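Asker: Dropping the structure in here first, questions after.
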Amino acid sequence: MREPWDYKTNNGYIALPIIRILHSGDTMVAIFFIISGFALSIKSVKTLKGPTSFENGHALSKDLASSVCRRYLRLVLPCAGSFLMVGLFASAGWFEAVPYNRENETWLRGGMISPRAPMQESLYKQAIWVLGDYYKYAVDVVLFNDSIGYRWETNSHLWTIPMEFRESLYVFLMILGLSNFKRWARVRLVLPLCVIVGLYNGSWQFALFMLGFLLAEIHATLEDDENYLSLGTPGGTKKSIYDRHPRVFSFLKVTALTVGLYLGSYPIRAPLPHEASGFSLLTSWTPPSHVYTENRGPVYFWAGAGAGMIVASIVFLPVIQKLLCSGVCQYLGRISFSLYLVHGPLLQSLGYSLLLATWGLVGVGKLFDPERSPNDPTDKEVQNLENWKIVTTWFVFAINTTVTIWVSDIFWRAFDAPSVKFTRWLEKKFI
């Protein structure tokens, strides 16, 4: 799934543009960063829309102070639950489907195998190891942004949390710094420049959080004005681009969404010039500040650009907003942080174990035998094993996804929701 789609070799439907975005973790991270910027700024934006007064200024400063005070614990406390879960899994031997530091000795081999916590001699030693690793992560990495020498063994998927913390503080600082600016200066000048310059110069995380701030400003205006993008003059009838050119505006919204889905499908490996899908051309257009190698393309530039177009278009698409406001989507949104924290350990334990067991049961392991001659795609046995590999993989995917959602719900109730209440309670004790 790291490879770009190619009609000759990597021609599976799962690698196709737009379909790829369903399993593209990089694009999902980019979308998550935009949503975070939106969620962190929307309350302050609504306060800024009110009349300039002492009360509004006091409310804004109070909200920002509270957000800064609670942000660190809000992020790292649920991570403690994830570290605890990983420690228990490692001590029980549930990660041993892929032995520690021997990832290439199994059928599941290659760059997609993430580092994981080593199994210690006893539960006590495992607990000491996890506590030490959590301290390095929560203090050295998240708080002081020092990840030198840190292998992310306990839960490598938590690499985004330090960025989330740092960029959150940037959002609060920008809200404070721009609070005296006129709204047109924020929306039409400063924030767009932050997005463009940040993305161009390689600070894609900063750009995406600022885009979330910008979309919060736009969304707050749309809530107050059903006629989008009001262009009226004082005392006159309000007109809008949507009212004057509804078909053109609808076409632009759908086009932006489609292009965003395509850009968000940029593969992890940089496409070669002869490979299809147009991504090799995009690679040549990448700003020089986005350093990339043959094995790791400039995915975050294009994933960030695509994610921005997706989220921005949804702000103007009520049909999709209604879908995202459905009960199922709202529930998944509630447990999304917990889902993020537990999906990696469950994949490395339950997912890998089940996959290897089912592959072994149907004989798929023959395809990965290093002593076997290269597989002939016309061989009937190879075709049969390839079909079984696909069927068993989807079977394990369904089981692992179901269990992951269930465990995420438990984790949300046990760790995530209580951490929110605890940070609010702790803040009140110091006020």
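Just so it is clear, glycine is given a Cβ too, placed from its N, Cα and C backbone atoms.
Source: prediction; values computed, not measured.
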Asker: Looking at the ranges 248-270, 340-362, which is given as transmembrane segment in TrEMBL?
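Answerer: Of 248-270, 340-362, TrEMBL gives transmembrane segment for 340-362.
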Asker: Counting Cβ pairs under 8 Å that are 6 or more apart in sequence, does the total for the transmembrane segment (340-362) and the transmembrane segment (72-95) reach three or more?
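Answerer: Between the transmembrane segment (72-95) and the transmembrane segment (340-362), which are separate recorded stretches, there is contact, as judged by 3 or more close Cβ pairs.
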Asker: What same-chain residues lie close to the transmembrane segment (72-95): Cβ under 8 Å, and 6 or more beyond its ends?
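Answerer: Apart from its flanks, the transmembrane segment (72-95) reaches 116-120, 122-123, 126-127, 129-130, 133-134, 137-138, 142-143, 154-155, 158, 161, 164-165, 337-338, 341-342, 345, 348-350, 353, 411, 414-416, 419-420, 422-423, 426.
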